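First up is the structure itself, then whatever we jot down about it.
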Amino acid sequence: MINKSLLLTYLYLLIYILLSSGVILYNKWVLSPKYFNFPFPITLTMIHMGFSGAVAFCLIRVFKVVSPVKMTFEIYATCVIPISAFFASSLWFGNTAYLHISVAFIQMLKALMPVATFVMAVLCGTDKLRCDVFLNMLLVSVGVVISSYGEIHFNVVGTVYQVTGIFAEALRLVLTQVLLQKKGLTLNPITSLYYIAPCSFVFLFVPWYLLEKPVMEVSQIQFNFWIFFSNALCALALNFSIFLVIGRTGAVTIRVAGVLKDWILIALSTVVFPESTITGLNIIGYAIALCGVVMYNYLKVKDVRASQLPSDSIPERITKDWKLEKKSSDIYEPGNSNDNGGGNGQQSDYNIDEEAPLISSSRLSHIGRTQLSSQSP
């Protein structure tokens, strides 16, 4: 019998991969002078932010799908504004990179995201400098350097734009954790766009006025409403799909899905854009970088799970659980949602929130069920 919950989870993952790949290829096609020829990345990003903000406003203020959170001026000034600034910067630099380098090479450079996030987390004091993580980050960096060396159409300007966008996105992620979580503020996908998209639009207006507006006034610009509307709609759908996947599975699963998406996107980009050329050195370097990324994700999951375990050692916990089972008359039923941790009539304290299991509960061992009893597949 097919597990409907598991099937739905994989459906969300498939939608995320398709939307993410589609938006990247669509943006490249719109911005590239060889295709739609709209070489104005700031303008395109402003269209995305304006459209997302308008949709979020209608959903909250007009249709009242969700209620706005309690937002004070102090929280808005110290949290929303800096997060929006770096969000706008990451989108601006990332989209500008499409003008100079290929989609395949951009995806290879994105392997630097764990490195950038780790560096920013250490600088902001949310993470500690560890030898094992540092070695993983070094491995990722070496892989990216090898991949860059093998890039036929290497462009310094495009590479700098993309790497700058990666570090801006990493700083946004760290600031979101530091600022919003300390304030106890939780934003769902709609409220996030409601507060952040308009502010990001304002931040983008200044560079647009200085860099793109003068050029747009003297050049012949083709503006197709349906092209830009569908492009903005895909970007909005991607934002929602990311939150759906994280809510359904966890941050680790979306990282793994992101790696799979990158491989698919690299292959698709060579078909959609024939000028993109992948060399053997590209693949070797990217494979080395991915090894570092996978090891880094493994260490992060291991750290989270270790922080959830009680002070007792593993053998002591197994012994205690066995004794409690011997004393208990409760019988475990796979479909019973009121499963007790160890069968002692107490609700389990082993709540792990970083990942939901992607296998049915009947296949989990008793110890595994005890640790994951607070989550349903």
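Yeah, the Cβs are placed from backbone N, Cα and C, and that goes for glycine too.
Features of the protein shown, as given by TrEMBL:
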type: TRANSMEM; residues: 7-26; note: transmembrane segment
type: DOMAIN; residues: 11-297; note: domain 'Sugar phosphate transporter'
type: TRANSMEM; residues: 38-63; note: transmembrane segment
type: TRANSMEM; residues: 75-93; note: transmembrane segment
type: TRANSMEM; residues: 99-121; note: transmembrane segment
type: TRANSMEM; residues: 133-154; note: transmembrane segment
type: TRANSMEM; residues: 160-180; note: transmembrane segment
type: TRANSMEM; residues: 192-211; note: transmembrane segment
type: TRANSMEM; residues: 223-245; note: transmembrane segment
type: TRANSMEM; residues: 252-273; note: transmembrane segment
type: TRANSMEM; residues: 279-299; note: transmembrane segment
type: REGION; residues: 325-352; note: region 'Disordered'
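Summarised as a single figure, the pLDDT of the domain 'Sugar phosphate transporter' (11-297) averages 89. When each of 99-121, 160-180, 223-245, 279-299 is checked for Cβ pairs under 8 Å to the transmembrane segment (38-63), 223-245 comes out on top. Through the fold, the transmembrane segment (75-93) approaches residues 41-42, 45, 48-49, 161-162, 164-166, 168-169, 171-172, 175-176, 179-180, 183, 185, 195-196, 199-201, 203-204, 207 of its own chain, all at least 6 residues removed from its boundaries and within a Cβ separation under 8 Å. Three or more CB pairs closer than 8 A are found between the transmembrane segment (99-121) and the transmembrane segment (279-299), so contact between the two stretches is assigned (pairs 6 or more residues apart).
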